[in-house]
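In what follows, a structure is listed as structure tokens, so that the remarks can point back to it.
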Amino acid sequence: MLALLGATTLMLVAGAPWVLPAASGGTNLKSPENGRVCIIDDNFILQWNGSRESVRNVTFSAEYKIPGMENWKKLPGCQHITGTECNFSSVKLETVYEKIELRIRAEKGNSTSQWHELKPFIPFQEAQIGPLDVHLEAEDKAIIINISPPGTKDSIMWAMDRSSFIYSLVIWKNSSSLEERTETVYSRDKIYKLSPETTYCLKVKAELRSPRRVGFYSPVYCINTTEKHKVPSPENIQIDAENQVYVLKWDYAHENTTFRAQWSHEFLKRIPGSHSDKWKQIPNCEDVKTTHCVIPQNAFPEGIYRIRVQASDGNNTSFWSEEKKFNTEMKTIIFPPVISMKSVNDDSLHVSIGAPKESENKSVNQLYPLIYEVIFWENTSNAERKVVEEITDVTFPNLKPLTVYCVKAKALTENGKWNKSSVFSSTVCEKTKPGNTSKTWLIAGICTALFSIIVTIYVGKVLLRCINYVFFPSSKPPSSVDEYFSEQPVRNLLLSTSEEQTERCSIIENANTITVIEETNPIEDHKKYNSQTSQDSGNYSNEDENSGSKISEELLEQETV
């Protein structure tokens with residue numbers, strides 16, 4: 001033990017900044033050593049170590065200086081202290097975020113030691129969160145806890161952080177400390193899911209996340225829950241969004257019971273104190289006999305709320321149910337957009353995205369910044385193209401001409417805190433316009449078709465003429481014969497039958513004898529010739545030759561005679 005004290009003494013002496021003798025009185029007073037400050041909530045404690053040499057009737061006094069002060073001032077609560085610590089919580093500080101300088105010295109009569117100065121410090125950075133005061137109230141299956149925030153009511157240390165504290169609670173059955181349960185609670189909160197007529201014990205500590213501070217646990221508090229209540233509380237509170245309304249539901253086993261529901265702002269939970277007067281009745285959820293009620297969406301503007309339900313069977317009412325946190329952003333339905341598509345240019349489709357409309361022609365999703373996921377594909381292909389755009393007009397270029405394309409889209413929230421999206425819209429399909437290549441082919445096809453029609457008509461006419469010539473010959477005689485008869489005077493055809501046309505022919509037998517032969521061609525023969533059907537010109541010529549040969553034979557016979 002002596003060796004330990006000696007080692008401690010040596011360490012403290014080594015840590016002493018200086019030790020100077022007092023000039024007056026002949027007594028050597030050494031300066032205090034190892035000065036330090038301990039701050040818990042609003043309690044400021046200055047501590048130090050005295051001289052290793054025991055000197056009777058020695059006291060200690062401290063002074064301070066803050067920015068803006070030229071001279072040192074006496075530190076309240078730290079004058080002529082006989083011990084080795086003092087409380088200077090009564091010092092009037094305008095802020096806890098500025099540096100403070102402290103110094104302390106030993107005194108005996110008129111003799112004083114040299115000042116021992118502490119390193120300047122900022123009170124808020126040195127402060128610790130102290131133990132909490134807790135008040136408990138019991139129900140049959142719950143305990144209401146009221147926590148006094150760190151510091152005093154007029155605390156300057158935590159004045160800026162009173163609503164930022166997080167309280168960590170450890171609760172257990174008094175009969176079994178092994179069944180501990182840790183929860184994060186507010187300064188006024190309820191601990192649910194407990195058993196009736198059971199003793200529970202708990203302790204609580206406060207925390208700050210920025211800057212990171214963890215306080216000391218409170219003393220342990222114990223309380224007994226009450227006996228089971230006659231009218232049980234509603235359980236499993238749920239709230240869902242359906243179309244343009246909210247539906248509040250709960251479970252309850254007993255019949256012939258009416259219910260009412262209330263709401264309160266979530267931020268009130270972070271403000272210390274009781275806010276029981278801030279609860280408000282929910283529209284359409286008062287004295288209802290069903291285990292649900294329908295709430296208009298406009299009853300809850302955008303925000304975070306608390307919902308609770310109470311049962312009643314006449315004169316008896318239950319305790320309030322467990323409070324349900326309700327975030328309108330998380331529950332609001334994002335409706336699918338309305339899309340339209342039309343063909344532009346020769347190879348592009350333009351997609352327009354619009355928000356769905358209510359009956360009053362108001363945009364359903366107008367309160368939320370949205371982005372749109374658009375799925376685009378060719379109607380005959382399964383290959384999809386996906387784009388995500390903030391704009392409501394999307395153009396898809398370089399498409400195939402005269403091809404059907406389809407599109408669908410859904411809306412997504414742009415808020416990074418939570419991910420919510422609508423279902424896909426109805427599918428819309430559109431056909432692209434014909435491109436330049438298609439027009440060229442179309443013109444070429446039309447020209448080819450016209451040319452083919454002309455050729456077909458011409459060939460048809462030629463074939464028809466051949467068929468008519470072979471199978472249906474004309475009754476008109478050949479042109480050579482027709483020309484011959486056309487030279488005959490018209491008057492010959494008008495001669496009477498008694499007249500004959502005589503053609504004189506001369507045969508020169510020798511130079512001295514000339515025989516004249518008259519050939520009479522009756523008009524009837526001429527008529528017969530004209531009435532003959534058209535035959536081959538060769539046949540007609542043969543008949544003439546035969547008639548000529550007959551005349552020659554007759555002349556030969558006459559000469560012989």
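Our numbering is plain: 1 for the first residue shown, then up by one each step along the chain.
For all residues, glycine too, the Cβ spot is worked out from N, Cα and C.
Values in this document were obtained by computation on a predicted structure and should not be read as measured data.
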- Item | Per TrEMBL, the disulfide partner of Cys406, chosen from Cys429, Cys447 | Cys429
- Message: Nearest by CA distance to Cys406 (disulfide bond): which of the recorded positions is it, out of Cys78, Cys201, Cys222, Cys293, Cys466?
- Response: Cys293
- Taking the Cβ of Cys222 (disulfide bond) as centre, how many other Cβ atoms lie within 10 Å? 11
- Averaged over the domain 'Fibronectin type-III' (335-435), the pLDDT of the predicted model comes to 81
- Note on the structure: Reduced to three DSSP states, the domain 'Fibronectin type-III' (335-435) has 0 helix, 50 strand, 51 coil
- Going by C-beta under 8 A and a gap of 6 or more residues, the same-chain neighbours of Cys293 (disulfide bond) are Val247, Leu248, Phe259, Ala261, Ile282, Asn284, Cys285
- Query: In the domain 'Fibronectin type-III' (233-331), how many residues does DSSP assign to helix, to strand and to coil?
  - Reply: 15 helix, 51 strand, 33 coil
- Cys201 (disulfide bond) and Cys466 (S-palmitoyl cysteine), Cα-Cα, nearest whole angstrom: 122
- Rounded Cα distance in angstrom between Cys429 (disulfide bond) and Cys78 (disulfide bond) is 87
